[in-house]
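*Asks:* Got a structure for you, questions after.
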Amino acid sequence: MADTRQPDPAIPPSVPTEKSHRGFFSRSDHQHVGMGQTQSNDTTTTTTGHQNIHPMGKGHPPQNQQQQQQQQQQQQPQRGFMTGFVFSHWIRLNLVDLLCMAAMGAIGLGVYEAKPAPHRSFPVQFTDGTIVYPEFAYPLRKNIIPIWLAALLAFICPFIFFVLFQLRIRSFAMLLDTTMGLLESLITAAVFQVFHKWLIGGLRPHFLDVCKPDVSAIAPTGNGFLDIMYTRDICTGDQNEIDDSLESWVSGHSTAAAAGFVYLFLYFNAQLKTMSNHRPAYWKMIVTVAPLLGATLIAASLTVDEFHDWYDRVGGFCIGALCAFIAYRKTVAAVWDYRFNHFLLPRNSSLFFKNRSGEGVYSFHYSAQEAMTQQPTASEGGWGRGMSIAGAPNDAVAV
C-alpha cells in the first residue's frame, strides 16, 4: 500500500507542531472548543473541519484557503485537547470509571474468597487399585511465581515504560489515561477469571495429593458406573487447600500476565511504530515482542510447578488478551491502524463533569489536522516532523 502520510499544506514548515511546545504539565490559554476550532481569551479562530482534509485520491484545498490557514497557524500554533491539563478536571471526568474499578475490585475479591460453588465428582482408583487419572496425582509444590507477584508484574512493568516514554511524549494526560486503560484491562480480566474459578472450577494436577482420600472409606460411598465416582467428602486434607485445588479453571497467572503484557505489546507497537508504513530498526521489534515473552513465560511456569493443566493456561491467556485489546482500543483511536493507534481519545463530559457550554473536543474524527495534535515516541519514517496523515479509518491496518 502506498504511503498515505503527506506534509500538510495547512501547516508551513516554519510553524512548530505541538510536540515542541508540550511540557509534562503543560498549560495553555488555547483550547479546542469543537471540531477544528481553537479558542483563546480574546478571539476564536476557525481552522475548518473536514473541508481542508484531503483523503487519498482527493484534491488539495483552494489556494486562498491555504493562505488563510497558514496565517492563522502562524498566529496560533496547533493545539490539541491534551494541552491545558487540569488534574481536578481529569478526576471529575474519570470519577465514574474510578468508582466502577473499585466496585469491580471488591466484587472480584469477594468471589475469590468464596468457596467453590460446584460439587464435583471424581474417580480415585479402579476396583483393581490402579489410579484412574494420574494427571491429578502430582505432588503439591510451591508456585514458581506467586499469584500476587504475577499480578504486580503485569501492572508495574507496563507502568514503568509508560513513565519512561514520558521523557519524549511529555503528556501527563497520556500517562494517566494509558494507566487507566491498563488497570481496566487487569481488573476486568481478574473478575472474569474469578467467576469462572468459583462457578466452574476444575481439578488441579495436585488435587489427589491435597485431597488425601480415605481409601478405606471409598468402597461404600462411591456412585456412578461401578461406584468409582466420589465427592470431596472422602478427602481428609486441609480444607483450604482442597478448596483451592478445586478451582483450576482458569489460570489467574495466565489471565493477569496476558491482560498486562499484551496491553504493553500494543502500546509498544503504537508508540514505536513497529508495524507501520516504514521499515523500523530491529531493536524496536525486540522491544515490542518482549512483553509477549514475559507473559508466556509466566503462563508456562505453571507447567513446571504443576499448578494448572494446559487448557487452564490457554483459557486464562485468551481472557486476558481479549480484555487487553478492548481496554487499549477504548483508550486510543485504533489498535492496528498505525496512523492513529497512538492517539488518545478525548473525553469531554461525564456524570461528575457536565460540559454545558459545549466547549472542547467530543470525539476523534480521524482527520489529518486532529492527528497532528499528538505524536508517538517514534521519530523514524517521518513521525514527529509535522507530517499529515490522510485516509479513512482502518484503510492502513498494518497486519
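Cβ coordinates are placed from backbone N, Cα and C, and glycine is handled just like the others.
Bear in mind that TrEMBL entries carry predicted annotations, made automatically and left uncurated.
Below are the features listed in TrEMBL for this protein:
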- 1-78: region 'Disordered' (REGION)
- 61-78: compositional bias 'Low complexity' (COMPBIAS)
- 91-112: transmembrane segment (TRANSMEM)
- 144-165: transmembrane segment (TRANSMEM)
- 172-195: transmembrane segment (TRANSMEM)
- 180-328: domain 'Phosphatidic acid phosphatase type 2/haloperoxidase' (DOMAIN)
- 250-270: transmembrane segment (TRANSMEM)
- 282-304: transmembrane segment (TRANSMEM)
- 310-328: transmembrane segment (TRANSMEM)
*Asks:* List, by number or range, the same-chain residues at least 6 past the transmembrane segment (172-195) whose CB is under 8 A from its CB atoms?
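*Replies:* Beyond its ends, the transmembrane segment (172-195) has Cβ neighbours at 24-25, 82, 85, 87, 90, 94, 97, 101, 104-105, 107-108, 111-112, 151, 154-155, 158-159, 162-163, 166, 250-252, 255-256, 258-260, 263-264, 267, 316, 319-320, 322-324, 326-328, 330-332, 344, 374.
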*Asks:* Using DSSP, tally how many residues of the domain 'Phosphatidic acid phosphatase type 2/haloperoxidase' (180-328) sit in helix, strand and coil.
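*Replies:* For the domain 'Phosphatidic acid phosphatase type 2/haloperoxidase' (180-328), the helix, strand and coil counts are 107 helix, 7 strand, 35 coil.
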